[in-house]
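Features of the protein shown, as given by TrEMBL:
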type	residues	note
ACT_SITE	227	active site, proton acceptor
ACT_SITE	249	active site, proton donor
DOMAIN	100-124	domain 'Siroheme synthase central'
DOMAIN	130-186	domain 'Sirohaem synthase dimerisation'
DOMAIN	197-401	domain 'Tetrapyrrole methylase'
Ligand code: SAH
């Protein structure tokens, strides 16, 4: 180990900043954030060191910085001088502040830029709410000590509790529920822990369109109950030893009836499992979330919903078709084209229609829209596997797309986009975006 990391308590104490330029200001800022009283000067004099807990220097003549370093060493005050490792007895790390949790990264002065890059990567995987988990642990510190005087038992309990339902709730900002869950867990500290279900959106089927929260939960799950459609890429990023249960339908497989899926989620959570219910796109859009929520609530199981990128936004981004448009797109309708549903009343002016599960019934959809008064020449597109590397696009009019799509489709999930805004798409080709096979019927 190059240096020993340590966290300084600076609240109410004096930090000396020698120098007055931009770099000095950058050094002063985190010290201020840590509660230090900043004493700043352009030139060094020994009386500046009175009551100083930490000193740093930048933007000052070398002779001044050397004097600062020498005086600090003599008095045992940790000192940092920017870009002068030989004058330092302390390094200032790149900091990730998730108060009360702090992460500090240092390359021992070798490459501060690299430390900053590492900080960004750590920040991305460290949920912003992690500080709330630490704060919750602090609130219960005394109670946990009383209930579990044995150190090993305490560790075991905290290990489970700080990655369990109470932690998830704290992370989501639901403090009262988190405290209740933590208190309940502490009550039955000797019994098996209760489970939790996360209804997680997997996005359109590209691994890097997952949210960071989804990624974290996939890494912590005991069981993943997943749709067959659109979840493969997300599953690859899940914890290796998590059990996987496929429940959605694809061609050959019948899907498990919805009541059975709901009952399965309840049973797994009652066994104390951390369950991820992984669904394509966003769980709240044509995803039967309501049924599953109702079953979990009825059984008293804690659950959380994690949004995902839905097919409509994924397809819009991938094709350059704006879902709304200042002149011609004032509303968006997300509709299902599934055969049980009525298609009347969908055609409205300046409204973009995004129809899920509509390909099989595209001729009927065209007829219903035209009967409602839509122009058969209305711009339309069909996007298959939108947002993934297999994406394909068919562009044309309501009329031409309805005629050609059944023969064009390759069997993947497809979304229909119909409306004037479809005609406003900015071509993405030639802008550094990988080309999408596109059939243009216009
Ligand atoms: N909850 C999902 C939708 C589930 S319904 C979401 O928010 O996206 C399944 C339908 O979604 C498919 O039949 C198809 O119409 C659409 N769909 C899902 N993924 C898609 C994709 N990558 N490209 C185009 N359409 C998609």
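Note: Cβ is positioned from N, Cα and C throughout, glycine not excepted.
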C-beta crowding around residue 227 (active site, proton acceptor), within 10 angstroms: 22
Secondary structure tally of the domain 'Siroheme synthase central' (100-124) (DSSP, helix then strand then coil): 13 helix, 5 strand, 7 coil
Assigned conformation of residue 227 (active site, proton acceptor) - DSSP reduced to three states: coil
PLDDT averaged over every residue in the domain 'Sirohaem synthase dimerisation' (130-186): 91
Helix, strand and coil counts within the domain 'Sirohaem synthase dimerisation' (130-186) (DSSP): 47 helix, 0 strand, 10 coil
